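J.: Under the heading ATP binding site, TrEMBL lists A:7, A:8, A:9, A:10, A:174, A:175, A:185, A:210, A:211. The feature substrate binding site is assigned by TrEMBL to A:47, A:74. The domain 'ACT' annotation in TrEMBL covers A:268-344, A:350-423.
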């Protein structure tokens, strides 16, 4: 039996009861003969409360100090978890990101992990302890300042530690039973996926599935660390994410892994762009200079009569204002007619490696949407994903129609088990 | 202008308003041309809340993890203070005890400072920053574990940093205006002391005065760091504690510095101890082996008729049970008659280096108590202190009578200014 890294999110350790429940689960893994390293997030609302305090003393909290503040959250939860485990008669030691050797760059509030030197953690587990590590945080390589990893940082900590410690598996405990073929809040008949490849999981994550973040899956793929996403409440087997199925996991990959949707984006259309070289470059250079990440980009064939074309792209709604401002400044240079901004859109994506070798997928997808009366506004595809933009109002119906069309519905909706008693 | 270390306690930074008020005071010192290092405690009730959480997950929280937990408190307050200072347009950086180079032994929950290596702090202030340091915490020399310094630890952090940084002064900001000739809650006419020697302050601290703890004063005396105790609310000049008076401080030391009282102790009397060598040793070895600190020890002359004597001593009430248990076990060996335990006592102490050369002091002290109708149960003296034990009910009257008898009363009770709006 090798080493296992387990990660528990804030909702799993929201209060003393939650911490005690997690302690029992951790001890179980230890009793089964594993070396256990646990990565833990801040308790429930702690981070929000700290952010609120910061806002009270300063309208724009400085990055370095903001990180120092936020990291108090995991310090509390990890120490409490270690105490709860010791109370069950097992040895446990907690470690900050810095003590655990999580080395990052110096970009406060969204630092990237550069290296993990887990000497103290390895020593601690070799001595028979359960090691508890603060998620979401590290220490900067050059200045030795405390940093935080940004959204989903604790998952990334867990995967990075798993890689550095050569773990058998990285178990991500959350408040749902795993990755589903669609969001179970929208599709009652969504099925839990037993196994999914890194590639498909990456596409789902970047298409709106929120169970795992793109960054964490990317890290796991690079170091080939199998992830097991499961519920800290139910204790059921969850979803394995890895290169190849293992053990009793299905040997054949499904044609379609799942349907994801995303309503957090808006659409910008630059209308009447002269169809000549360099125009698109000017537009997207302006967007890039404003530090805005864009998603889908679509350019129509220009109308023969006018020589003008439209360029549309999607971006997070939160970046909308900045994008319009940046584009307005290029108007004279590009010579476009007007800008249109639309935040009442949804993106629906079908993900599956099988679509590479199954030519009918695209047709079935569009037919399903058409039969449901859903209009398609933009289309964009990758090798293993098709995404469309529709009206936001249509999103639920569209997702359900596609889910059914690809035979993803479970036989009953009993199969969808939500995370027990927790949030 | 040199470097100043300022320390703010939990009541000074109890909420966002308090933190902003402290930030202004810190910036003032910086504007006056000082390099400023600030040591800060956890906000108001944070520590109690964390202790409460620990009790919910484990009845006996482990030392190492308990320290990890508690140190989250200063992490929050120091980061917020740094943000508030930056918001006033000055540069500030916060540092944990470990980052500030506070090296301790490995005794969790009450570690002792072994060394301070303030390289990062010196760098930070040399670069023009205000450095904020977490009080109460350090890192153990051998295991590199996070430790806490126990009660009054933040004051000790401040003095230790002041020593290591060769500071001009260590300012201890609190919720009273300084050290008083008696507890102003008991003696309305108590006067604020402008200057007091380390020696007298040490005696006051060990006699029940709570403004500064013995440990912190001892550290300051060893490294000759002047302490300035003052209010974070009123901003008035407070009390200087140092070897020699400086500047406009009174050149001649008062005969009596002040009257202290302490109602936290209990009295144990071992009745009927055979008056022969080794008996007292057996008794106090038993107490020492039970890890109990005792205070006053008094042995009466034995009665000629019986050859028996009584031995009394005082100790913290919290240790009473342990002491009685330890003594019961020595009964056969020592052959004493019985044990008496009394927790309705008070200790009243008169402190002042002047009593060495003023022979009337003891007499005046006893006369004052006698005139007030206060009975004396035990007496113990040092070179610069006389302490008596009385009934707890008599304590207020006794303190007032002594305070008046030594001419310590202020002319009006207007002089006593309490800590403004805060706690």
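Yeah, the Cβs are placed from backbone N, Cα and C, and that goes for glycine too.
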J.: Quick check on the domain 'ACT' (A:268-344): DSSP residue counts for helix, strand, coil, in that order please.
T.: 27 helix, 24 strand, 26 coil
J.: What does DSSP give as the helix, strand and coil breakdown of the domain 'ACT' (A:350-423)?
T.: 32 helix, 15 strand, 27 coil
J.: Average the pLDDT scores across the domain 'ACT' (A:268-344) and report the rounded value.
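T.: That region's mean pLDDT is 88.
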J.: List every residue in the same chain as residue A:47 (substrate binding site), at least 6 positions away in sequence, whose Cβ is under 8 Å from its Cβ.
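T.: Expected: A:10, A:70, A:73.
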J.: For residue A:185 (ATP binding site), just count the other CB atoms lying within 10 A of its CB, please.
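T.: Residue A:185 (ATP binding site): 12 neighbouring Cβ atoms within 10 Å.
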J.: To the nearest Å, how far is the Cα of residue A:174 (ATP binding site) from the Cα of residue A:74 (substrate binding site)?
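T.: One finds 16 Å between the Cα atoms of these residues.
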J.: Would you mind checking how many other C-beta atoms are within 10 angstroms of the C-beta on residue A:211 (ATP binding site)?
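T.: Taking all protein chains shown, residue A:211 (ATP binding site) has 23 Cβ neighbours within 10 Å.
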J.: Considering each pair of residues in A:7, A:8, A:9, A:10, A:174, A:175, A:185, A:210, A:211, all listed as binding ATP, report the largest CA to CA distance in Å, no decimals.
T.: 24
J.: Using a 10 Å cut-off, grab the number of neighbouring Cβ atoms around the Cβ of residue A:174 (ATP binding site), all chains included.
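T.: A 10 Å sphere around the Cβ of residue A:174 (ATP binding site) contains 24 other Cβ atoms.
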J.: From the Cα of residue A:74 (substrate binding site) across to the Cα of residue A:211 (ATP binding site), what is the distance in angstrom?
T.: 20
J.: Give me the count of other Cβ atoms within 10 A of the Cβ belonging to residue A:7 (ATP binding site).
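T.: A count of 29.
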J.: If you run the three-state DSSP split on residue A:47 (substrate binding site), which class comes out?
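T.: Going by the DSSP assignment, residue A:47 (substrate binding site) falls within a helical segment, counted as helix.
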J.: These are the binding-site residues: A:9, A:74. Which one scores highest on other Cβ atoms within 10 Å?
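T.: The residue with the densest Cβ neighbourhood is A:74.
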J.: Quick one: Cα separation, residue A:185 (ATP binding site) versus residue A:74 (substrate binding site), in Å?
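T.: Spelling it out, the Cα of residue A:185 (ATP binding site) and the Cα of residue A:74 (substrate binding site) are 29 Å apart.
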J.: Would you mind reading off the Cα separation of residue A:74 (substrate binding site) from residue A:9 (ATP binding site), to the nearest angstrom?
T.: 10
